[in-house]
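Novice: Annotated transmembrane segment per TrEMBL: 29-54, 61-82, 102-124, 144-166, 211-230, 242-265, 277-296, in sequence order. Sequence annotations record features per position, and here TrEMBL assigns domain 'G-protein coupled receptors family 1 profile' to 45-294.
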Amino acid sequence: MKIFSSPSNSSTITGFILLGFPCPREGQILLFVLFSIVYFLTLMGNASIICAVYCDQKLHIPMYLLLANFSFLEIWYVTSTVPNMLANFLSDTKVISFSGCFLQFYFFFSLGSTECFFLAVMAFDRYLAICRPLHYPALMTGRLCNILVISCWTLGFLWFPVPIIIISQVSFCGSRIIDHFLCDPGPLLALTCKKSPLIELVFSILSPLPLIIPFVFIMGSYTLVLAAVLKVPSASGKRKAFSTCGSHLAVVALFYGSVLVMYGSPTSEHEAGMQKIVTLFYSVLTPLLNPVIYSLRNKHMKIALKEILRKTKIWSTKKALRN
């Protein structure tokens, strides 16, 4: 990767500048506090789901094992952007090194791709549970579940090295200012010295695939689920069937709804403010809301979380009595 700077900033800038959310110093501090709270709640919420699945033997089934892996993924997904964002709120320069920028680019999009694959696998799990209930235990075994989990992580992290290596080979000129809070390919490509239609074409073909392929698979799975549920004669049976996949559908709608607004709108690339807000929604707010959605709509998860709280209180009381 070749870097060229204007004479005025070549001695002071050692990487890209992430503008983030420009506002007065007081506003930056307020945003730091706000996103620190959001980050802490996201970590606690997803960690609680992992602990609930780990501690409750009744939840050691594929549906909840996939959910625990998904929560683990969400912790790292939000960690790929928020800590650097928090540091930038308190920074005067807001500089991120070139290697740091491309590392963030890699982990953010690899984790995002992994999330898409996990959502597809979870949809497949719900399809088997609803459409093949008698064969479900024989089909969705622990071995198959482990294979699917490993496949999600592997595919997610092997997809983006090629696009990132391609972009890292181009030359960057000018101010190197990225009007975003993370290293996004759109603003990065806008800083190249010379437009390369071939690179943009390769990236535009490769990058949407881990988003589109799982989405088509999810829609296909839920089309079959809907067809099966409509054949259930009783209203209570239909409600029970829908309740088993309601949480997952809500998460899919949140994630894909915001991502499609981001990358499906023809004007999104020209509106930096809207780009930041939509990216903020699917990269920060969605991981915060997911534990709430899964815990509120799932009685088994609520029971497990209440049991963890009860044991925590007992442990805290015993510790206080010892002191």
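Just so you know, glycine gets a Cβ as well, placed from its N, Cα and C.
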Novice: Is it true that the transmembrane segment (277-296) and the transmembrane segment (144-166) have 3 or more Cβ pairs under 8 Å, skipping pairs fewer than 6 apart in sequence?
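Specialist: These two segments do not touch.
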Novice: On the 0 to 100 pLDDT scale, where does the domain 'G-protein coupled receptors family 1 profile' (45-294) sit on average?
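Specialist: For the domain 'G-protein coupled receptors family 1 profile' (45-294), the model's average pLDDT rounds to 86.
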Novice: With Cβ-Cβ distances below 8 Å as the criterion, list the same-chain residues six or more beyond the ends of the transmembrane segment (144-166) that contact it, or say none.
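Specialist: Sequence-distant neighbours of the transmembrane segment (144-166): 62, 65-66, 69, 102, 105-106, 109-118, 121, 124, 185, 199, 202-203, 206-207, 209-210.
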Novice: Determine which residues of the chain contact the transmembrane segment (242-265) at the Cβ level, with the cut-off under 8 Å and only residues 6 or more beyond its ends counted.
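Specialist: Non-local partners: 115, 119, 122-123, 126, 129-130, 208, 211, 215, 218, 222, 225, 229, 275, 278-279, 281-282, 286, 289-290, 293-294, 297-298.
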